[in-house]
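> Quick one: the structure is below, questions incoming.
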């Protein structure tokens, strides 16, 4: 019989890498295998330091601007991050005669196309998102200056004054809070009944799925841990969702070492999820850290099963990706269904 105090960990599923993040990391790894180091990457490929450092160790070099690539290495490939880039970046790459591989998430690319479609139909584009986020910069950069208005809050929506309220279309950043976005859209649609929606939902399936799993696990949690980086939009939204839906406390952690166990107080139930840029190996690391201090029982809070996969760039499809190539980010509890795992009953809405 264990002398350690009992602890239930509610493990959210889905969690961690989405198909777009998986694809972006694979593109860098496959480019390194095919073309050799260095492979340059414009901006962090995904917003996670562990992933970035792991790729750096394999020969990736991260830059913020194409000008930072030494002239002697301009024959090497440069990868554009999963967040997408303004058109000016690919135009500059062509001007420099760079060989670039676009790792923009296909769902972000779809938002770009939706914004362009709105403009072609004579609509001014409203983008709901967070100022300064690379995805927002990339989406706004698909159209000329002045063609897109960024709306961040309900207050922005209340005071927005368009030139022509009858010729508006909206798109959204893919990693937003579903509830916050709904609140903004409610205001916009009441003020501007002619506001055109995109052809398909802009907030991506993975963002929605991770938020739904967090909602299911939050109520009754003494602590909700979200694995992710401070610059990860979707991870920060998960922290907010956890607290909004009943967790006593929710914190963002990058590694197990970030957890100050001495200050956690008495715990009986904690919940654990990970942002779409956070590797499963860190989830394993955190569970292991708790097992050293508690007699852990795992419950799986599963709200969806994800099977989505995206093809890598055509130039890389002749390279074989092995499990060892992805071992630095892969974990051992991807589904969470271990021998001591129980399913958490998810109430039907």
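Each residue, glycine too, has its Cβ placed from N, Cα and C.
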> Check Swiss-Prot: it lists 47, 83, 133, 232, 233, 234, 277 as binding (2E)-4-hydroxy-3-methylbut-2-enyl diphosphate. Then name which of 174, 181, 322 it lists for that same site.
174
> If the (2E)-4-hydroxy-3-methylbut-2-enyl diphosphate binders are 47, 83, 133, 174, 232, 233, 234, 277 per the record, what's the largest distance between their Cα atoms, in Å?
15
> Neighbour count, 10 Å Cβ-Cβ cut-off, for residue 135 (active site, proton donor): what number do you get?
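Other Cβ atoms found within 10 Å: 24.
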> Can you figure out which of 83, 204, 232 (the binding-site residues) comes closest in space to residue 135 (active site, proton donor), comparing Cα atoms?
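Looking at Cα distances from residue 135 (active site, proton donor), the smallest one goes to 83.
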> Which chain-mates of residue 105 ([4Fe-4S] cluster binding site) that are at least 6 residues away have a CB under 8 A from its CB, listed by sequence?
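Long-range Cβ contacts: 18, 20, 21, 23, 24, 82, 83, 84, 174, 204, 310.
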> Taking each of the binding-site residues 47, 83, 133 in turn and counting other Cβ atoms within 10 Å of its Cβ, which one has the fewest?
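Comparing Cβ neighbours within 10 Å for the binding-site residues 47, 83, 133, 133 has the fewest.
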